[in-house]
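For reference, the structure is listed below as structure tokens.
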Amino acid sequence: MDLLSPNPSIYVGLRLSSLQAGTQEDLYLHRLKLNYQQCLLGSASRDDNSDCQDRPSMGQLALYLLAVRANCEFVRGHKGDRLVSQLKRFLEDEKKAIGHDHKGHPHTSYYQYSLGILALCVHQKRVHNDVVDKLLSAVEHDQNLYQSHLSVDTAAMAGLAFTCLERSNFNPDQRERITKAIGTVRGKILRDQTSSGHFGNVYSTPLALQLLMTSPVPGVKLGLACLQARTALLTSLQDGAFQNALMISQLLPVLNHKTYLDLIFPDCQAPRVLLRPTTETPAVTPALAIINVTLKVSSLVPPYEQSFFVLSGSSLEDVLKMAQELGRFTYEAQASLSGPYLNSVMGKAAGEREFWQLLQAPDIPLLQGIADYRPKDGETIELRLVSW
Ligand code: B12
């Protein structure tokens, strides 16, 4: 995948919004189908096709299946069956990685595991009880811990997967546990509401709201919490917090009172307003200011620290590029659906269950990636190798 590959999450978000992009939308789905089928089913053209350097992950395949469903299609035929089998195989492998005693971890994450179950469910494909059991256990054990390890985003995605199983009457033997787990993740999300109204942080709020909106009996307390979250989201939206296309794709359904569960019975006839290409507003050339940003890496020996003068409005990625050009500093980023993901610094690649965390020194994790975050004058950004 590269940064120009079509992104299934964007297609899903658009189809669950009140907007449509006319023929562009059909073209986009066509490109998605070509890309995913070629990369996953390994057709003959794979070797000469530079579009698929990496095989899509379990979560990407799941998002692709959600995109197909968003167009009111079911995966069909030989190719469709193969994709479904692949996703089931991915889940089986993850189940093994978690292990009988639930001591291990999925190779990807419980977020992608949930996406996999959700995607199969909206295509009316059942998964074995023991696959669902792993996700149920993750939620149940998390509840016993003093501090929750599942992020709000993951809890919300797990809740959406469970709710789909519940609504589709799948895995009837586990019904009681499923219903209880939905209550558990809902409670966790509500407890994680911040004073500003967001659930977790601004970027986990769209998925959290998607889950809470599926609640059959909203009740006054839940209704109020959702209202506060919506208000907080709208304020963040006006403040320009939503620049990242993937984040917008998770927000669009919520703004249209829809959730991923609408993909069980999608409504492809609902009227949507035609999106117009944005008319370029004449660029208000901001006064060219030069700011000072310090880049710091303490996780390695010898540590690195250097200050740079960059144009205000530069992204963290611009700073990293400049540092690399000036020497002594190197980094590598890989394309993801969220944008470029920093995976190696000074030749040190993050290992399994490790990542290069981005922080505003001394200790505030950034809420955006290297392409979206724009450091302010005088700021020190630390890149820290941590386990997760
Ligand atoms: Co994260 N992460 N994450 N993350 N992550 C989320 C995307 C989200 C939305 C969480 C949140 O704040 N609510 C934000 C992004 C907000 C935004 O775009 N404005 C977020 C953030 C901010 C980060 C960090 C920047 C935090 C930090 O360092 N201060 C770092 C990334 C730093 C870097 O570039 N090195 C970070 C790290 C992680 C870990 C804990 C390492 C894991 C990823 C490792 C793994 O899964 N093996 C992680 C996860 C799991 C997620 C989560 C919960 C799911 C992502 C996923 O699997 N998507 C999302 C939640 C969400 O989307 N709402 C947050 C589905 C698959 C199919 O898509 O593109 O193939 P994918 O997935 C890959 C990328 O998403 C990438 O890792 C995934 C696995 O390879 N990734 C990226 C994960 N996080 C981020 C963040 C950014 C900015 C980028 C570019 C890529």
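Numbers run from 1 along the shown chain.
Cβ coordinates are placed from backbone N, Cα and C, and glycine is handled just like the others.
Residues or ranges marked as cyanocob(III)alamin binding site in TrEMBL: 108-112, ASP153, ASN201, GLN250, 341-342, 356-358, LEU366, TRP388. The disulfide bond feature in TrEMBL is assigned to CYS121-CYS164.
Taking a C-beta cut-off of under 8 Å and a sequence gap of six or more, GLN112 (cyanocob(III)alamin binding site) has these contacts in its own chain: SER57, MET58, GLY59, ALA62, PRO106. Cα of TRP356 (cyanocob(III)alamin binding site) to Cα of CYS164 (disulfide bond): a span of 34 Å. Proximity to ligand 1 at the level of Cβ atoms, with a cut-off under 6 angstroms, picks out LEU358 from the recorded positions TYR110, CYS121, LEU358. The Cβ of TYR341 (cyanocob(III)alamin binding site) lies under 8 Å from the Cβ of ALA333, GLN334, ALA335, GLY369, each of these being in the same chain and 6 or more residues away along the sequence. Between ASN201 (cyanocob(III)alamin binding site) and CYS164 (disulfide bond), the C-alpha separation comes to 25 Å.
Annotation for CYS164 (disulfide bond): same-chain Cβ neighbours under 8 Å, separated by at least 6 residues, are ILE117, LEU118, CYS121, VAL122, PHE170, LEU261, ILE264. For the recorded positions CYS121, LEU358, the ranking by surrounding Cβ atoms (within 10 Å, all protein chains) places CYS121 first.
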